[in-house]
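Look at TrEMBL and you will find 1-26 tagged as signal peptide. Per TrEMBL, the feature transmembrane segment maps to 48-67, 79-99, 127-153, 174-196, 202-222, 249-270, 282-302, 314-332, 344-364, 376-396, 408-430.
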Amino acid sequence: MLVTAYLAFVGLLAFCLGLELSRCRAKPPGRACSNPSFLQFQLDFYQVYFLALAADWLQAPYLYKLYQHYHFLEGQIAILYVCGLASTVLFGLVASSLVDWLGRKKSCVLFSLTYSLCCLTKLSQDYFVLLVGRALGGLSTALLFSAFEAWYIHEHVERHDFPAEWIPATFARAAFWNHVLAVVAGVAAEAVASWIGLGPVAPFVAAIPLLALAGALILRNWGENYDRQRAFSRTCAGGLRCLLSDRRVLLLGTIQALFESVIFIFVFLWTPVLDPHGAPLGIVFSSFMAASLLGSSLYRFATSKRYHLQPMHLLSLAVLIVVFSLFMLTFSTSPGQESPAESFIAFLLIELACGLYFPSMSFLRRKVIPETEQAGVLNWFRVPLHLLACLGLLVLHDSDRKTGTRNMFSICSAVMVMALLAVVGLFTVVRHDAELRVPSPTGEPYAPEL
């Protein structure tokens, strides 16, 4: 597994680099923004946001390994993961209101503090302390994916009065570098876990200076901003009305809940499947992130003027790839007949599918869900998503780890088949819907079928 992981990592990076260079050569030269005030503002945001993302990714490869290192049973580790998922969904439901009430700058500083405390709890072997750490991690995750973006958009439009059309370019670049940071973070985690001498807790300790630096930069460079608060009950009620009145929204939410709940279970399972075979966890994680980056690059390539595929096609392909990968895993994890190389390939395919899925789903959500109702609808999406993941982690694992792992992959395969049926249903509903198509590069009338 050691050689396989490094070869896969190098090969995926080379493939990603070749694809990006090819796309850049094919892309017509654009007029880059040269406004010095905007570039400085963008830099002030990026240097903080990227530090926060790097600290988050640095912890991912060794979380399960750390709990295993502390000699907890798999069922106990599953409860820790469930605690993290539950706190993420609970805090995620109120994060927007909390950020608007507290202030975006203060919320970003709070993220740095709570995530640093979360990392410090990993130094303890006390189970209750680790549970508290998972709850803090859920709060931090909710703040990371709400406060930073809200602060940037408000500052961009209200304080600096830059054109709103520049906002997507900022976040598109951030999404690309987020993948790159994840790849680098896996290598860094492997290095600090191997060299510092602290073992699996080393990446968590290494994340604290990054979080402290992010907090210091926020205090020094960022201004405070607030927004008008919309009552949480009104947000949820509006989201529920939108969800029930539009079949497209309901089907999209079903696909998201089924697909992403399986991904959460995959995040829990990949370490116990590969670690017993000597896999370097940091390099394996970087390989996963490189596969996801490759998927994102393929999405941009496929939806470019040259190929002009539609996000609905790529969403369907992503779900099909995950169904195939999970069927592979039900065989490669059979007790007594384990094939770690096949499992690793299946995991890479799942990450590749994620790289196709997330931009496709993001495009379709923007087109289908009204902007004013997106927060409420996404709150309703998160409830079944995390519920399915929690039930999977708590119920599907039996006392025999190997049999339980195989059973979980079998159930996940069935769940993804249901997601595939929902994709077919959505495809049937929207096949004549021009709104859900990427605009034609030639300006010709759209084809009648997706």
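Even glycines carry a Cβ here, placed using N, Cα and C.
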By Cβ distance under 8 Å, which residues at least 6 away from the ends of the transmembrane segment (202-222) in the same chain are close to it?
44, 47-48, 51-52, 54-56, 58-59, 61-62, 66, 105, 108-109, 112-113, 115-116, 119-120, 122-123, 151, 188-189, 192-193, 196, 282
Using Cβ atoms and a strict cutoff of less than 8 Å, what residues sit near the transmembrane segment (314-332) while being 6 or more residues removed from its termini?
255, 259, 262, 273, 295, 299, 302-303, 338-340, 342-343, 345-347, 349-350, 352-354, 356-357, 359-361, 364, 406, 409-410, 412-413, 416-417, 419-420, 423, 427
Could you check if the transmembrane segment (48-67) is in contact with the transmembrane segment (174-196), meaning 3+ Cβ pairs under 8 Å among residue pairs at least 6 apart in sequence?
yes
I'm a bit unsure how to read this: which one of 127-153, 249-270, 282-302, 344-364, 408-430 has the highest number of Cβ pairs shorter than 8 Å with the transmembrane segment (174-196)?
282-302
Go through the chain and flag residues at least 6 beyond the ends of the transmembrane segment (344-364) whose CB is under 8 A from any CB in it; none is fine as an answer.
1, 4-5, 8, 12, 175, 179, 252, 255-256, 259, 263, 266, 270, 273-274, 279, 284, 287-289, 291-300, 311-312, 314-315, 317-319, 321-322, 324-326, 328-329, 332, 436, 438
Could you pull out which residues elsewhere in the chain have a CB under 8 Å from any CB of the transmembrane segment (408-430), counting only those six or more residues past its ends?
247-248, 251-252, 254-255, 258-259, 261-262, 265-266, 269, 312, 315-316, 319-320, 322-323, 326-327, 329-330, 333, 388, 392, 396-397, 436, 450
